[in-house]
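S.K.: According to TrEMBL:
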{"type": "ACT_SITE", "residues": "His8", "note": "active site, tele-phosphohistidine intermediate"}
{"type": "ACT_SITE", "residues": "Glu86", "note": "active site, proton donor/acceptor"}
{"type": "BINDING", "residues": "7-14, 20-21, Arg59, 86-89, Lys97, 113-114, 185-186", "note": "substrate binding site"}
{"type": "SITE", "residues": "His184", "note": "site 'Transition state stabilizer'"}
Amino acid sequence: MKLVLVRHGESIWNKENLFTGWTDVDLSETGEKEAADAGRTLLEQGYDFDLCYTSYLKRAIHTLDHILEEMDRCWLPVVKTWKLNERHYGALQGLNKSETALKYGEEQVKIWRRSFDIAPPFLEETDPRNPALQEQYRQEKSQSGDILPLGESLKDTIERVVPYYNDVILKSMKEGKRVLVAAHGNSIRALVQYFENLKPEEIVDVNIPTGIPLVYEFDEAGKFIKKEYLGDPEAIKSKMEKVAAQGSASKTS
Ligand SMILES: O=C(O)[C@@H](CO)OP(=O)(O)O
């Protein structure tokens, strides 16, 4: 069984180097192009799909739209779920990553960005950015008041993404569906950690490039066999380094 994961193309806030999390910002022009390129790569390499999953955030939704447009597969069913949203970055959302590194130090920013179980400072409950106060999450709020986050560590993100993967996505793969997921840097890192059983110190250095299809192969039981990024290895490496460098104090955009 194969699963294709794509991190959304560059967003406007990626370009401005701002902590984004659940902020619903759109793709930049570069991001739109990256998404279309991902669609062309998948088409050229003979990939096809039966079912797509994405988050509630428009940078991932629009990435999927561009991919499906390029593949002439706009008619494919798409399931949207907040369970695939980016990690909730709490009160860091909207702050510039480099300015935050200047203020608190690069080490602290790396801890906030990449540590396994350290959460960012949480939003106040009264903050209008609290998902429990937002229209798109009203169903979840009425079911249970406490499942929507005010901030998340990677571990918290794993605890919401992985059960969704096992209960819903893996189930459809086992039914024979070819699945494409358009998601986010840290919701994909959550899956990478789970698939490859990475240790907390190993996931720290994993950075997911924007708009590059990542193909996982599993055995029939769902056990990880191998993975590969589709595209030019040098370009992919440089994109990963760019993501890692966003927490540097000297990078302002
Ligand atoms: O700001 C964010 O939401 C994420 C992804 O863009 O950033 P980081 O790579 O710092 O986890």
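Quick reminder: no glycine exception, Cβ is built from N, Cα and C everywhere.
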S.K.: Near Arg87 (substrate binding site), how many other Cβ atoms are within 10 Å of its Cβ?
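M.R.: For Arg87 (substrate binding site), the 10 Å Cβ neighbour count is 28.
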S.K.: Rounded to a whole angstrom, what is the C-alpha distance between Gly21 (substrate binding site) and the residue listed as 'active site, proton donor/acceptor'?
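M.R.: Roughly 5 Å, rounded to the nearest whole number.
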S.K.: Between the Cα atoms of Gly185 (substrate binding site) and the residue listed as 'active site, proton donor/acceptor', what distance do you get, rounded to the nearest Å?
M.R.: 7
S.K.: Mind running the recorded positions Arg7, His8, Glu10, Trp13 against ligand 1 and keeping the ones whose CB falls under 6 Å of it?
M.R.: none
S.K.: Just name the most isolated of the binding-site residues Gly21, Gly185, going by other Cβ atoms within 10 Å of its Cβ.
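M.R.: Least crowded of the binding-site residues Gly21, Gly185, by Cβ count within 10 Å, is Gly185.
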S.K.: If you draw a 10 Å sphere on the Cβ of Arg7 (substrate binding site), how many other Cβ atoms land inside?
M.R.: 30
S.K.: At the level of the C-alpha atoms, what whole-angstrom distance separates His184 (site 'Transition state stabilizer') and Glu86 (active site, proton donor/acceptor)?
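M.R.: About 5 Å separate the Cα atoms of these two residues.
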S.K.: Taking the Cα atoms as reference points, how far is Glu10 (substrate binding site) from the residue listed as 'active site, proton donor/acceptor' in Å?
M.R.: 14
S.K.: What three-state secondary structure does DSSP assign to Arg7 (substrate binding site)?
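M.R.: SS state of Arg7 (substrate binding site) = strand.
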S.K.: Taking DSSP as the reference, which of helix, strand or coil describes Trp13 (substrate binding site)?
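M.R.: SS state of Trp13 (substrate binding site) = helix.
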S.K.: Find, among the recorded positions listed as Glu10, Glu86, the one whose Cβ has the highest number of other Cβ atoms within 10 Å in the structure shown.
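M.R.: Max Cβ neighbours within 10 Å, all protein chains included: Glu86.
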S.K.: If you run the three-state DSSP split on Lys97 (substrate binding site), which class comes out?
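M.R.: DSSP assigns Lys97 (substrate binding site) to helix.
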